[in-house]
């Protein structure tokens with residue numbers, strides 16, 4: 001049994017879909033961290049079967065918006081004195097800029113690369129976003145975070 | 001106030017603003033000579049990144065009839081675009097020369113990008129299979145002129161509803177007027193895209209049905225809007241050939257329609273309306289083209305802010 005100690009002050013990113021932990025780890029630049037970080041993969045979970053967890057022993061600024069796009073089921077616990085001070089439930093943002101890309105081959109963003117990729121939330125349940133320029137609706141899986 | 005604004009999407013203007021354009025167009029139709037010098041000294045740039053003789057001529061005729069002048073290109077190979085210039089840089093440069101720009105582009109969203117970087121009003125003259133707002137203004141002026149209202153109508157849209165941008169724009173616009181119903185007639189491969197169904201029709205609780213055959217519904221329609229199945233919107237030739245003749249309107253079908261139904265078409269027609277229909281008084285597609293020029297005259301005047309002078 002692998003044991004990771006609890007942290008005194010920092011952030012726990014929990015309920016990450018198994019296999020997505022490394023994506024978040026890389027997105028947050030934790031490979032360059034000079035503080036203690038643990039990426040735990042394939043932990044048993046009642047809700048998910050298996051899940052990934054990231055424990056960060058530091059207080060860092062996190063763009064929760066992007067984490068919501070990667071996986072809206074993720075939970076974030078803010079830890080102080082080894083206790084959960086705050087629980088943050090992610091939800092999909094109304095507008096996202098330069099996080100997902102339009103997959104419509106007829107969209108102007110497919111040829112003019114300087115344009116910011118702007119999307120608006122259409123359906124929170126299905127995770128669907130509409131491109132600002134061509135109006136094409138994509139699911140997050142299609143749009144590639 | 002429309003002076004200095006862009007027209008990219010038919011929803012950019014409120015119903016009141018659209019009505020003000022249509023009202024001015026009505027006045028121009030009644031007395032075009034009165035407006036022959038409304039745009040004296042003004043310059044319009046026509047930036048056509050794909051060929052479109054009809055729309056370009058309509059815009060150019062509109063500006064010339066207002067006394068204005070025109071610069072531009074009708075295909076990208078004859079411009080700096082061929083050297084790889086971006087849409088943003090092209091419009092920034094053109095903004096230094098012209099008072100208003102009209103853009104057609106094969107890529108969806110290109111005129112939107114232009115509007116973000118432009119110092120002068122930009123009019124979307126069609127972007128890929130996406131939007132064509134001045135065709136919509138044309139359609140609205142035609143419908144209002146003939147039916148005397150833009151409400152309480154059953155509008156049949158037939159043909160290529162997936163790639164047909166005029167259809168998307170017309171649905172968005174007519175859905176803002178009260179109690180209109182839509183009858184969407186197309187093969188299943190060419191149904192309206194999801195964003196129109198979800199964000200316009202379903203979101204606003206608008207009455208619509210989707211059918212595959214004109215004959216099933218033609219007797220219920222006040223307007224039948226026919227569109228061409230366009231070769232350039234298909235990725236493969238096989239699909240185009242299989243679907244292009246699916247929906248042809250002829251006199252046999254017209255006999256089933258109401259006496260006051262009108263037939264509209266954004267043109268050019270290929271074979272989706274038989275020539276025998278042209279002489280039927282319900283055929284409005286050529287009159288529609290003339291309304292198109294008048295409504296573009298009204299739009300140019302409004303965006304340049306010269307309508308108050310006249």
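For all residues, glycine too, the Cβ spot is worked out from N, Cα and C.
Because TrEMBL annotations are produced automatically, they should be read as predictions rather than curated entries.
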Task = Would you identify which residue of B:104, B:231, B:242 TrEMBL lists as part of the carbamoyl phosphate site it also attributes to B:54, B:55, B:132, B:135, B:267, B:268?
result = B:104
Query = Reported in the order helix, strand, coil, what are the DSSP residue counts of the domain 'Aspartate/ornithine carbamoyltransferase carbamoyl-P binding' (B:5-144)?
reply = 74 helix, 25 strand, 41 coil
Query = residue B:135 (carbamoyl phosphate binding site) to residue B:228 (L-aspartate binding site): how many Å between their Cα atoms?
reply = 14
Query = Near the Cβ of residue B:132 (carbamoyl phosphate binding site), how many other Cβ atoms are there if near means within 10 Å?
reply = 27
Ask   = Of B:54, B:83, B:165, B:228, which of the binding-site residues has the most Cβ neighbours inside 10 Å?
value = B:165
Query = Can you count helix, strand and coil residues in the domain 'Aspartate/ornithine carbamoyltransferase Asp/Orn-binding' (B:152-301) using DSSP?
reply = 62 helix, 24 strand, 64 coil
List of residues, in chain order, with Cβ under 8 A from that of residue B:55 (carbamoyl phosphate binding site) and at least 6 apart = B:104, B:125, B:126, B:134, B:135
